[in-house]
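Record features (TrEMBL):
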type	residues	note
TRANSMEM	12-30	transmembrane segment
TRANSMEM	36-55	transmembrane segment
TRANSMEM	85-103	transmembrane segment
TRANSMEM	109-127	transmembrane segment
TRANSMEM	148-169	transmembrane segment
TRANSMEM	175-196	transmembrane segment
TRANSMEM	217-241	transmembrane segment
TRANSMEM	247-270	transmembrane segment
TRANSMEM	290-313	transmembrane segment
TRANSMEM	325-352	transmembrane segment
TRANSMEM	364-383	transmembrane segment
TRANSMEM	389-408	transmembrane segment
Amino acid sequence: MRSFFGTAGLQLIGRGLTVITGILFARTLGPEEFGRYSFVLSVIAFAVLPAVAGIPQLIVRETARYVADQQHALMLGMWQWSNRYILALSVLSMIVLYGLVYLDIWPSSMGILIVSALILIPFKGMLARQTAIINGLRRPELAQFPMLIIAPLIALCIVGYLFLSGYQLSSQRLIYIQLTTHALGVVLSYLLLKHVAKGVTVSSKAQFQVKRWQKTLLPFTVLTIVGTMNNELATLFLGILGSEEAIGYFKVAMQGITLLALGLQAVNTVSGPRIAGLYKQHKIEETQKLLTQSVKLSVLSSVPFALLLIIFGEELVSLLFGRDYLPAASLLTILCVGQIVNVCMGSVGLVLNMTGNERSTLRAQLITLALTVVLLLTLIPLFQATGAAIAVSVGLVCWNVIMAFDVYRLTGLKTWIRV
């Protein structure tokens with residue numbers, strides 16, 4: 001319970017800072033420029049996948065198991081191997097993406113932004129690895145600190161300084177701000193990792209099981225790729241089939257969802273290693289108790305806020321982002337409905353992953369991806385950002401229902417909220 005509220009407190013502050021900076025970005029840039037900036041970040045999110053897909057989940061699960069079994073040498077070996085893996089594939093992704101820009105896949109103005117953001121790929125990879133290790137060592141509050149608190153706070157300070165100094169914000173300057181905050185996040189998370197891990201690695205000599213790790217990583221990798229596609233495809237499809245303004249509206253609506261998902265994210269961060277450990281020890285009753293407590297905390301911390309966004313969404317969007325973004329209010333309502341279902345169903349994906357049932361998670365993700373793609377292709381040309389919001393929410397509901405059923409069928413555990 002203490003870990004939950006400590007992590008939730010950090011996430012609340014961090015997400016609040018992120019939303020504040022997002023509000024400043026959106027108000028300053030306007031829907032079109034903000035949409036262009038958001039599109040570039042979505043491209044980077046896809047480009048970083050070869051380097052990080054599945055690595056954090058593998059590290060969290062295996063670190064928790066190695067700690068429980070006192071296998072520190074293997075744990076240290078996995079950390080070293082994951083570092084080399086991420087750096088090598090990050091460089092490859094940067095080369096490929098630069099080649100696509102060179103071939104004029106995107107307009108020149110967009111290509112310049114993408115090239116400017118290339119270094120985010122290894123930064124994001126190293127951050128994912130280092131925070132996963134810290135989380136696997138059961139220090140979730142420290143794992144979240146660099147990018148949830150420090151990064152948005154620095155971004156907010158930089159934006160405030162530029163605003164007060166009379167500089168005009170642009171998508172290019174926002175990319176540079178992202179580079180600065182990610183670089184500082186990498187350094188800080190490395191220092192925190194050295195502090196947390198020194199007690200378990202000081203007397204250990206690394207041992208490696210690369211073939212086993214690669215085999216275990218594969219389902220996590222596919223799962224992460226499919227999951228990221230589910231999360232980012234709406235932005236990419238809006239960029240292709242819609243307009244940059246539509247991307248801006250959709251991203252503004254997602255700012256509210258960022259805070260709404262806080263409770264479930266905090267629960268997943270804290271309970272993931274505990275679920276893996278308890279289930280491995282066949283403590284089913286304790287695992288169920290943890291899940292029941294977790295979903296209640298998620299609902300209590302998220303659903304009231306969702307109802308507030310639904311009822312007063314238009315007023316809040318106008319007040320915070322400006323009247324130029326009023327079309328985002330209806331999108332916010334649609335997305336909130338999907339998130340309410342998501343929170344009430346509990347940590348379905350986390351439970352399947354941490355109990356060794358990644359294949360079932362992948363099946364649900366593939367079904368959801370196929371449904372979402374069909375809906376995006378059908379609805380965006382007709383309804384623009386509204387169609388994207390409908391597709392995302394329907395896909396999210398489908399994903400939760402399928403996986404909640406699979407969790408109960410495979411483990412006997414009930415993740416959803418019960419009175």
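Cβ coordinates are placed from backbone N, Cα and C, and glycine is handled just like the others.
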With the transmembrane segment (217-241) as the reference, which stretch in 36-55, 85-103, 109-127, 290-313, 325-352 has the largest tally of C-beta pairs below 8 Å? 36-55
Check the transmembrane segment (389-408) against the transmembrane segment (36-55) for contact, please; criterion is three or more CB pairs under 8 Å, pairs 6 or more apart in sequence. no
Can at least 3 Cβ pairs under 8 A be found between the transmembrane segment (290-313) and the transmembrane segment (325-352), with each pair 6 or more apart in sequence? yes
With Cβ distances under 8 Å as the criterion, find the stretch in 12-30, 36-55, 148-169, 175-196, 325-352 that has the most pairs with the transmembrane segment (109-127). 36-55
Answer yes if the transmembrane segment (12-30) and the transmembrane segment (148-169) have at least three CB pairs under 8 Å among residue pairs 6 or more apart in sequence, and no otherwise. yes
May I ask for the residues of the chain that lie six or more residues beyond the transmembrane segment (175-196) and have a Cβ under 8 Å from a Cβ within it? 37, 40-41, 113, 116-117, 119-120, 123-124, 126-127, 130-131, 133-134, 137, 139, 142-143, 145-147, 150-152, 154-155, 158-159
